[in-house]
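One structure is given below, encoded as structure tokens.
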Amino acid sequence: MSVKKQERRDFIGMAFGAVAAVGGAFALVGMKKSWDPLPSVKAAGFTTVDLSPMQAGEFRQVEWRKKPIFIIKKNADMKPNPARDVVIGEDKYMVAIGLCTHLGCIPSWSPSDMMFKCACHGGEFDASGVNTFGPPPRPLDIPPFKIDGTKLVLGEEGPEYKKLAGIA
Amino acid sequence: MAHITKATSVKDWFDQRIALTKLWNVLAGQYWIPKNINFLWAMGVILTVLFTVLFVTGLLLVMYYKPDANLAFDSVNYTIMQEVEYGWLWRHMHAVAASVIFLIIYIHAFVGIYYGSYKKGREMIWISGMLLFLVFSAEAFSGYMLPWGQMSYWAAQVITQLFGGVPVIGDALVEWIRGDYAVSDPTLTRFFMLHVCLLPIVLIMIIVIHFYTLRVPHVNNLEGEEIDFELEAEKYLSGDTKNSKVIPFWPGFLSKDFMYVSFFMIFFTYLVGFHFGFAMDPINFDPANAAKTPTHIYPEWYFLWQYEILRGFFFDIGPMKAADLGALAMAFAGISLFFMPLYDRSDVVAPAHKRKGFFVWFWLLIIDLIILTVYGKLPPTGFNAWIGFFSSVAYLALLLVVLPVITIMERKGNK
Ligand code: FES
């Protein structure tokens with residue numbers, strides 16, 4: 001086969017390679033996006049919780065975006081934590097996503113020793129949601145929220161949230 | 001085109017068109033197997049049988065299973081178990097086979113380690129085998145989720161959360177894998193796809209590759225003896241079957257295998273009939289509840305050792321967080337055995353009882369794995385946590401430090 005012909009075949013090969021690479025790249029993007037959460041899932045919206053009926057020392061669990069949210073209205077026995085407490089008027093609340101920061105189990109609130117205990121690998125968090133023992137690498141995450149009177153709107157980033165998250 | 005003549009028989013008709021006899025000889029009739037191997041070499045055929053059982057029972061289950069977070073639990077626990085005739089049988093066979101296949105995989109792999117079947121030309125057999133183990137793990141895990149019980153749900157939650165440990169993109173990756181903010185319907189349907197379509201195809205492909213890798217270096221034997229397969233095969237074909245060190249796969253080897261398969265299937269049927277419970281977790285008979293974690297989460301028995309390595313590192317070491325250490329150690333444990341040919345620095349291929357240091361090492365590894373497995377099921381508190389820690393460290397040390405050292409000593413001693 002002459003050199004010329006070989007060059008022509010090389011060119012066809014390279015042209016094919018280019019078409020395949022471009023097509024493949026687009027296909028990969030499409031496949032990646034098919035696995036993304038659906039718009040209906042993303043629009044799971046906001047959850048509004050009225051905090052006014054809560055008693056001091058009460059623990060409550062609500063759901064937001066399929067995640068459990070822990071809320072505690074702190075009483076005098078619970079140490080305030082200015083870096084994490086949500087303050088509404090006189091009252092301090094602990095608000096956190098109730099998923100252990102280790103591997104995502106739901107720790108349970110034990111009112112007798114005022115601690116969250118994660119049964120999975122023995123992690124513990126105090127009443128402010130700060131990890132005190134075991135494998136969890138960081139305190140419980142604080143969900144984005146906004147304060148609207150005595151109501152807590154989960155899913156929206158209000159100024160109070162930005163302050164706690166250190167992004168204001 | 002081949003020169004086609006009038007066929008003298010049905011066999012001849014096929015032979016002329018697709019060379020049936022030739023194919024048979026390549027696959028079985030003249031595929032040579034050493035004579036000195038024992039029942040431990042039958043595990044491969046038992047695994048093939050088990051995989052077939054899983055495949056067929058899986059087909060029967062898929063006909064009634066509903067991959068929908070609202071329907072899945074009842075489709076398994078009511079429709080298949082109560083309504084479908086013999087549905088209970090397929091389910092129990094599927095569950096027991098899924099569990100027992102890991103037992104046989106472990107035996108198969110550790111026989112390979114004991115006899116040094118991973119080295120000197122047999123590396124690809126080992127690597128493709130480990131690849132199979134990895135994909136089987138993914139297959140088992142994705143299947144475990146499908147009944148959508150409490151343990152299924154939380155196992156999925158914990159395992160997918162592990163990917164959150166990936167730097168920077170961790171959280172986004174977890175959401176992407178789940179298709180939702182938490183494990184839910186989209187997660188179930190994609191795992192369903194993986195379990196019944198993508199992973200089985202991949203498995204079948206790797207099984208074929210695994211068989212093929214045996215072709216060139218051939219299967220090892222009880223003595224680690226180097227056999228000249230071509231020479232021995234010639235002996236056999238010339239009629240000197242007695243002095244030849246090899247026999248054809250069929251009828252020689254397979255007939256013996258079939259006997260072991262029969263023994264095994266009797267044991268298997270006994271398990272399915274009378275002890276299917278061990279492959280079922282009681283917690284999984286509660287429907288999935290995203291709002292409540294079971295007090296104690298653990299995987300099926302065959303993942304316990306890896307799980308314990310994940311939990312083993314429960315305190316921070318220097319700048320490393322406990323959780324990351326655990327996840328790293330487990331990720332490594334999952335792929336650690338791939339590198340057996342690299343850890344073993346000696347090129348002696350002999351059974352462990354003929355290699356003193358290696359023999360001790362082998363049994364230490366087995367004991368350590370048993371300890372990890374036992375403690376993986378116990379709650380990780382107090383004293384247990386420390387045992388978990390030390391046996392996890394021991395596992396890493398045995399592979400990464402002890403094995404290279406003793407095998408280098410062995411190599412030097414041999415000179
Ligand atoms: S998930 Fe909570 S300690 Fe591991």
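Just so you know, glycine gets a Cβ as well, placed from its N, Cα and C.
The structure displayed is predicted, hence computed values, not measured ones.
The feature domain 'Cytochrome b/b6 N-terminal region profile' is assigned by TrEMBL to B:10-223. As annotated by TrEMBL, transmembrane segment applies to B:39-65, B:95-117, B:124-145, B:191-212, B:258-280, B:325-344, B:356-375, B:387-409. Summarising the annotation, TrEMBL assigns domain 'Cytochrome b/b6 C-terminal region profile' to B:239-415.
With a threshold of 8 Å between CB atoms, the same-chain residues lying at least 6 positions outside the transmembrane segment (B:191-212) that come near it are 48, 51, 55, 58, 62, 67, 125, 128-129, 131-132, 135-136, 138-139, 142-143, 145-146, 156.
The largest share of C-beta pairs under 8 angstroms with the transmembrane segment (B:258-280) comes from B:95-117, of the ranges B:95-117, B:124-145, B:325-344, B:356-375. In the predicted model, residues of the domain 'Cytochrome b/b6 N-terminal region profile' (B:10-223) average a pLDDT of 94. Long-range contacts of the transmembrane segment (B:124-145) within its own chain (CB-CB distance under 8 A, at least 6 residues past either end) are made by residues 98, 101-102, 105, 108-109, 112, 117-118, 151-153, 155-156, 159, 187-188, 191-192, 194-195, 199-200, 202-203, 206-207, 209-210, 213-214, 217, 300, 302-303, 334-335, 337-338, 340-341.
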